[in-house]
Amino acid sequence: MQINKLQVEAIKSGSVIDHIPAHIGFKLLSLFRFTETEKRITIGLNLPSQKLDKKDIIKIENTFLSDDQINQLAIYAPCATVNYIEKYNLVGKIFPSLPKKIDRILICPNSNCASHNHFITSSFIFTKDINNEINLKCQYCEKEFAKNIVL
């Protein structure tokens, strides 16, 4: 007999970010500044997953992610899902998609880039190379970088 038990406590209302690759959960907490809120946040790390082997999960009470946040999530956790919960019931499920452009979040690795000026915010567009790998191209210096270099 298999017993199904939640490994991270259920929330009454809010967002659940599920299927985050293991070790990425803390990065998302700081990226979206979830730790700067008074909202209750529950995080599970290195949980067993049929889909990923191991996963992280984040539950944020009384908070619903913006479309921009959901799409930025795809950069770090392309297989993630965002579940909206109301009265302990699932009312919506979203599968993030990679945005065309991302502003202010990332830092250009090129030390000579104009985006390092205090009056300019960084801006990247996403491209794919011949191997279908995701790259980021800085809008200011126009240099292209592998995803793992910028993230």
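Numbering starts at 1 and runs along the chain as it is shown here.
Using N, Cα and C of the backbone, Cβ positions are placed for all residues, glycine too.
Per Swiss-Prot, the feature Zn(2+) binding site maps to Cys108, Cys113, Cys138, Cys141. Cβ-based neighbour count (10 Å, all protein chains) for Cys108 (Zn(2+) binding site) stands at 21.
In sequence order, Cys108, Asn110, Asn112, Cys113, Ala114, Ser115 are the residues near Cys141 (Zn(2+) binding site), counting only same-chain partners six or more apart with C-beta under 8 A. By the criterion of other Cβ atoms within 10 Å of the residue's own Cβ, the least surrounded of the binding-site residues Cys113, Cys138 is Cys113.
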